Amino acid sequence: MAEEAVREMRASFAAGRTRPAEWRAAQLRALVRMIDEKEADITAALHDDLAKPHMESYLHEISLAKSSCKFALNGLKNWMKPEKVPAAITTFPSSATIVPEPLGVVLIISAWNYPFLLSIDPVIGAIAAGNAVVLKPSEIAPATSSMFAKLLPEYVDSTCIKVVEGGVSETTALLEQRWDKIFYTGSGTVGRIVLAAAAKHLTPVALELGGKCPAIVDSDVDLHVAVKRLAVGKWGCNNGQACIAPDYIITTKSFAPELVDSLKRVLERFYGKDPLESADLSRIVNSKHFQRLTNLIEEKRVADKIVYGGQIDEKKLKIGPTILLDVPQDTALMTGEIFGPFLPIVTVEKIEDSIDVVNSKTKPLAAYLFTKNKKLQQDFVANVPAGGMLVNDVALHLTNPYLPFGGVGDSGTGSYHGKFSFDCFSHKKAVLVRGFGGEAAARYPPYTPEKQKILRGLINGSFIALILALLGFPRERR
């Protein structure tokens, strides 16, 4: 099936079906229509997969996907235009342009935590760039995967945009094929498998992974506002099952008690005295991930550090917001990405020491800082490598289509969103056009000292050398 899907896509792409701006725009408009007409279906699928609150489904997935489509529609004609660039003196007279062209047939493997947005957003970029697309939704979010398989063929050109469902065996079969690009969102473990498979065909990849995203909290902040933003960025983002959710907080020892107290008050206001009964808190995606998470906090050295929460309900696959203080750094909770509702707080003597703590770990997908201190902000931006950063809030940087979204190092490679999505699925082809004038005799053998002098002058930008070259010096012997 994988081989057949690729063959059909290649035939459609080779026929030039996906290249016209009209085709690309028609598919994007169809996606907008699908989002409008099938919002209830999308919301229901997200609730089936994750018990995701309707407000979260709309804010974090549906509205962002629709905005992404509209942004691409508005920018498409300009994005497709060849970009004129200066021509060098050595090629005078000539014109130079950069022509964006589609890569061909691309594979998009999406994630389960935001199964609608993280599937459709890269598809939007691939379509805008003029590619044929195979989408492999995550089998861990089966309702959303099934919805895509049913709905997409009703709205878009199924000869060029195809959904392939399945688990590990189907994904493995897809990865054995030759693609013109693979876009993968998920864990670093699977990311390495994708990269190894792509290497066999020298296929370029974009890997949107994750990591331990830090949030540094200074003591000079508006604490109530900061804590609300931290809480909604952690537990209001799929109950912590988000690659850009804060993975841990760093603050000073002296400020930690005040921060913990404020977090407790805000969490109780958000989710009530029994958060497991809250309809505003997503469940853990499945029993496997539930077990992984409960294992993290069952270790005695971790369990002893819980200062709030820790409620679990295996039957409902629910875990309440949990705050921990000064968990040992060598525990599994602190060495791997949590991807769940636990938020450990690491304390330092001086807030400036927090940058060293962040840099002692792998480069995160996102890094957050809450402060009014401009010097600390400057040091943070200058000295912390991260996919993206946000000062005094959480997660909102991904909503700006003018900013690239992607990782660095272990948190991923490549970026997308807005025009960056178009660029992600395009090749920037260099085109230089010359006429038959402007012949420089110095360019051709036999090489002489006079020719070398003129060529050196040309390369160094000498106007006199250019004039001499255009006049045909040194004169050729007939």
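Quick reminder: no glycine exception, Cβ is built from N, Cα and C everywhere.
Since this is a predicted model, take the numbers as computed values, not measurements.
In TrEMBL this protein carries:
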| type | residues | note |
| --- | --- | --- |
| ACT_SITE | Glu208 | active site |
| ACT_SITE | Cys243 | active site |
| DOMAIN | 2-431 | domain 'Aldehyde dehydrogenase' |
| TRANSMEM | 454-473 | transmembrane segment |
Any residues 6+ beyond the ends of the transmembrane segment (454-473) with a Cβ under 8 Å from its own? 89-90, 92, 438-443
Fewest neighbouring Cβ atoms within 10 Å: which of the active-site residues Glu208, Cys243? Glu208
Fill in the CA-CA distance, Glu208 (active site) to Cys243 (active site), as an integer in Å. 9
Averaged over the domain 'Aldehyde dehydrogenase' (2-431), what pLDDT does the prediction give? 97
